[in-house]
Amino acid sequence: MSGGKYVDSEGHLYTVPIREQGNIYKPNNKAMAEELSEKQVYDAHTKEIDLVNRDPKHLNDDVVKIDFEDVIAEPEGTHSFDGIWKASFTTFTVTKYWFYRLLSALFGIPMALIWGIYFAILSFLHIWAVVPCIKSFLIEIQCISRVYSIYVHTVCDPLFEAVGKIFSNVRINLQKEI
C-alpha cells in the first residue's frame, strides 16, 4: 500500500477508503459496488403505462360507466320498432365512443397540463407552506399547552373533584304510578 493506493487479490487498483466501509460518496470497495448495482431504483416519471387497464384504482367505477341501457329504456308494452331500437343503440354507443375520443384528442393534453400544474402547485404549497406552518404552530403552542395543563391540574381538577364528591351521595328513586 504505497502512495495511498492498494491492489486487491485480483489485481485491481483502488484508492485507500476514507472509512472502513468505503467512501460514502463513491463506492471503492467491491462489496459496496455490487450492493449498489443490485438495487433497482424506480422513478415515477419513467414507469410504464398500462394501455389496457387505464383505471387501475377504480376511480370512475360508479360515475362514468354509462351504457345505452342506463340512459334509455322502454318499459313493457311501450316498445319501438326493433330496427329503430338497434339503430338507436348503435348511434348512442358509436357517438359516445367517438365524441369522447374527439374531446380527449382536443382537450386531453391541455387538461392534463392544467391539472399537472394545479397538483404541482398544491404539492408545492403543502410541502413548502402548510407543513412548515403547522410545525411552527405546534412549536409555538407548546408554551400555551403547558400553562393550560398547569391550570387544569391546579384549578379544574380539584374543583370538579369537589363537585363530584358533593353529588356522589345524591340518590334518585323513580316510581312509576299507574
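Keep in mind that glycine also has a Cβ here, set from the backbone N, Cα and C atoms.
Marked as ubiquitin cross-link by Swiss-Prot: Lys5 (among others).
Marked as ubiquitin cross-link by Swiss-Prot on the basis of similarity to another entry: Lys26 (among others).
Residues or ranges marked as ubiquitin cross-link in Swiss-Prot (evidence: similarity to another entry): Lys30 (among others).
Among the features that Swiss-Prot reports, ubiquitin cross-link is placed at Lys39 (among others), with the record citing similarity to another entry.
Under the heading ubiquitin cross-link, Swiss-Prot lists Lys47 (among others). A 10 Å cutoff on Cβ-Cβ distances gives Lys47 (ubiquitin cross-link) a total of 8 other Cβ atoms nearby, all chains included. DSSP classifies Lys47 (ubiquitin cross-link) as coil under the three-state reduction.
If you look up Swiss-Prot, you'll see Lys57 (among others) marked as ubiquitin cross-link, on the strength of similarity to another entry. In the three-state DSSP assignment, the secondary structure recorded for Lys57 (ubiquitin cross-link) is coil. All protein chains shown were included, and the count of other CB atoms within 10 Å of the CB of Lys57 (ubiquitin cross-link) stands at 6.
Taken from Swiss-Prot, the feature intramembrane segment applies to 105-125.
According to Swiss-Prot, the phosphoserine annotation covers Ser2 (among others).
Taken from Swiss-Prot, the feature phosphoserine covers Ser9 (among others).
What Swiss-Prot records for Ser37 (among others) is phosphoserine.
Residues or ranges marked as region 'Required for homooligomerization' by Swiss-Prot on the basis of similarity to another entry: 2-94.
Taken from Swiss-Prot, the feature region 'Interaction with CAVIN3' covers 82-94, and the record attributes it to similarity to another entry. Same-chain neighbours of the region 'Interaction with CAVIN3' (82-94): 67-68, 71-72, 74, counting only residues six or more beyond its ends whose CB sits under 8 Å from a CB of the stretch.
Model confidence over the region 'Required for homooligomerization' (2-94) stands at 71, taken as the mean pLDDT rounded to a whole number. If you measure from the Cα atom of Lys47 (ubiquitin cross-link) to that of Lys57 (ubiquitin cross-link), you get 16 Å.
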